[in-house]
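Handing you a structure now.
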Amino acid sequence: TIPFSKLIYTYNHVIQGFSASLTPAELESLKNTPGYVSSVKDRVVKVDTTHSFKFLGLNSGTGVWPVSRFGKDVIIGVIDTGVWPESESFNDDGMSDVTSRWKGECESGTQFNSSMCNKKLIGARFFNKGLIAHKPNITISMNSTRDTEGHGTHTSTTVAGTYVKDASYFGYAPGTARGIAPMARVAMYKAIWEEGSYTTDVIAAIDQAITDGVDVLSLSLSWSQVELYEDPVAIATFAAIEKNIFVSTSAGNAGPDVETLNNGIPWVITVAAGTMDRDCSATLSLGNKVSVNGLAQYAGNFSSSTEFPIVFMDKCDETTELETIKNKIIVCQDPYTEDSLNDQFNNINLAGNVAGVFISNSSDVYDHLKSSFPAIFLQEKDGATVVDFIKTNTDPKASIVFKKTILGVEPSPKVTSYTSRGPSYSCPSVLKPDIMAPGDSVLAAWPPNLEAASVNDDLMYSKFNLLWGTSMACPHVSGIGALLKAVYPNWSPAAIRSALMTTSDQIDNTGSPIKDIGRSLQPADPLAMGAGHVNPNKALNPGLIYDATVQDYIDLLCGLNFTQKQIKTITRTTSNNCSNPSLDLNYPSFIAFFNDWFAEPNSTTMMEFRRTVTNVGDERSTYKANVTPLTGLKVTVEPDTLVFKTKYEKKSFKLRIEGPKQLADAVVFGYLTWEDSGKKHVVTSPIVATSYKIEK
């Protein structure tokens with residue numbers, strides 16, 4: 001038995017067990033007790049809009065917004081850093097009374113009382129027993145659900161914030177802010193703390209959210225490179241899936257390298273980050289009346305009408321010389337060596353001057369947009385215009401106008417450089433990530449007492465902030481999942497995920513394949529963006545869905561050769577049926593590994609996938625298969641025609657990929673589409689063949 005004083009949490013849903021603070025000897029003793037299954041060491045947790053709804057095609061007149069009544073009454077649980085309840089984004093104007101099925105609470109704590117919840121923010125709980133067990137002498141600065149970091153306020157209002165007029169980030173990205181599901185309800189479960197964050201608290205938060213009755217869980221957090229039976233998100237969310245709760249997670253921010261993806265969990269949706277067609281920018285006007293636009297998020301005031309001398313200092317690496325230049329705009333050319341842009345930025349900052357102009361196509365510019373001094377970042381082609389102007393004029397001058405917002409940027413979307421890439425470490429046989437959503441410069445609510453920017457040495461505060469990351473992409477998909485949940489309350493989480501994936505876009509706003517910033521704007525592959533960029537209105541009517549049951553996931557766990565104890569850690573039962581172990585989950589995507597390094601030259605192999613689709617479209621419909629060519633591989637579909645006579649009828653098919661045992665290329669990809677005769681539905685699934693080998 002465990003002494004009561006050692007217990008941290010006992011869990012009701014996600015695990016048949018508890019968390020406790022034990023010595024090594026006590027743990028060994030526990031392992032010898034009857035009923036012991038497994039134990040996992042507590043781990044540290046990482047946390048991974050006025051326009052994004054328009055970019056996603058959401059509108060009040062047609063599509064999923066009006067059909068779902070804007071997500072009315074769907075309850076979204078967010079596991080994060082807490083909330084700022086006074087934010088206008090949590091106002092409950094026009095919202096009906098909270099449904100009686102809601103069992104949650106609004107817990108009081110430091111600077112937070114139960115009256116701060118309303119019909120929008122319907123629940124607020126906090127979990128830090130695990131943190132305290134790790135740091136017994138800790139003083140928690142804000143022992144309540146109040147947000148002291150901003151991350152949770154931002155993600156929860158991205159997913160379901162209500163309408164707030166005249167929102168902006170110091171004049172950038174102005175407009176009426178709203179969440180993706182503006183009539184849905186939010187419950188915040190604070191398990192991420194300034195003082196540290198641990199597995200035990202996150203599991204307790206998810207466990208409580210299931211008890212309270214959430215419909216959707218939004219998790220912008222992750223662990224790196226862990227097996228499913230050691231991953232608290234995987235373990236806890238399995239119980240959520242059993243309760244028909246849709247779970248959305250972030251892919252992580254460790255790109256552009258491959259095999260960096262987190263949350264490669266087969267029963268959740270894993271979200272990558274893309275750009276929008278909006279840039280926060282500044283305009284540099286040259287003395288010859290030529291102007292160029294560049295990226296900028298400088299929050300201070302700047303004398304836009306004044307022309308200043310402008311000088312080109314090439315690499316900007318001569319700090320002594322930079323310090324002698326006064327009252328001028330300094331232009332720097334990125335030499336693209338390691339940390340070169342960062343070094344230039346710091347050199348100009350330390351030297352002090354009117355403004356810095358940085359010419360760089362590097363994705364590192366995004367790390368410096370919120371500059372504490374006036375700074376603008378130009379693409380190479382625009383930078384060349386500026387440098388030519390300086391070199392061909394005896395007294396070159398220029399002016400800068402900040403706080404501009406450009407819409408309709410092409411091409412968009414693009415895959416961000418930082419978004420983590422597959423294949424998944426924990427389950428390579430399931431292609432991850434699943435989907436891409438806006439993650440760059442997303443505007444959402446922010447605690448007004450937290451720094452949103454700095455100008456020189458002065459801190460700046462705002463009720464809204466622009467943040468980037470897969471943490472920002474995840475709540476977009478959580479919100480869209482909530483919209484579909486409102487329309488199809490009985491659909492499984494797998495059905496909703498399938499609808500989102502098979503209707504996503506692979507083409508950008510110029511009509512070309514979506515490009516990847518992390519791959520020098522080459523066409524993005526599914527290891528970076530999943531099935532494509534999410535399209536909420538198309539997801540409303542997917543035609544066919546790839547569904548999956550709890551038993552399908554158990555078959556997968558058996559196929560991964562997990563022991564019964566390891567499987568029980570996830571499923572919480574010993575009666576796991578492993579009579580049909582299979583790595584071939586009924587998933588709306590395909591990944592095949594051709595990585596036999598010791599294969600004989602010219603030797604080939606064939607991989608077969610079995611899939612079952614359910615007709616959720618027209619009663620009588622015929623779908624024909626089409627596969628885009630995959631270089632060096634032969635792909636066949638049998639049968640290549642599916643005839644449905646009734647709604648919810650199921651049909652199965654096989655997809656075979658034949659090719660060399662050792663693929664020459666790292667990644668070859670294409671798409672399987674099922675198209676009905678009236679071209680009303682086009683059901684698209686990515687196919688990836690790769691020579692990557694997951695080392696464990």
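Just so you know, glycine gets a Cβ as well, placed from its N, Cα and C.
Features from TrEMBL:
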- 5-47: domain 'Inhibitor I9' (DOMAIN)
- 71-506: domain 'Peptidase S8/S53' (DOMAIN)
- Asp80: active site, charge relay system (ACT_SITE)
- His151: active site, charge relay system (ACT_SITE)
- Ser471: active site, charge relay system (ACT_SITE)
- 584-688: domain 'Subtilisin-like protease fibronectin type-III' (DOMAIN)
With helix taken as DSSP H, G or I, strand as E or B and everything else coil, how many residues of the domain 'Subtilisin-like protease fibronectin type-III' (584-688) land in each class?
0 helix, 62 strand, 43 coil
Whole-number answer please: how many Å between the C-alpha atoms of His151 (active site, charge relay system) and Ser471 (active site, charge relay system)?
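Checking the Cα atoms of His151 (active site, charge relay system) and Ser471 (active site, charge relay system) gives a distance of 8 Å.
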How long is the line from the C-alpha of Ser471 (active site, charge relay system) to the C-alpha of Asp80 (active site, charge relay system), rounded to the nearest angstrom?
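Their Cα atoms are separated by 10 Å.
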Just to be sure I understand the packing, how many Cβ atoms besides its own are within 10 Å of the Cβ of Ser471 (active site, charge relay system)?
30
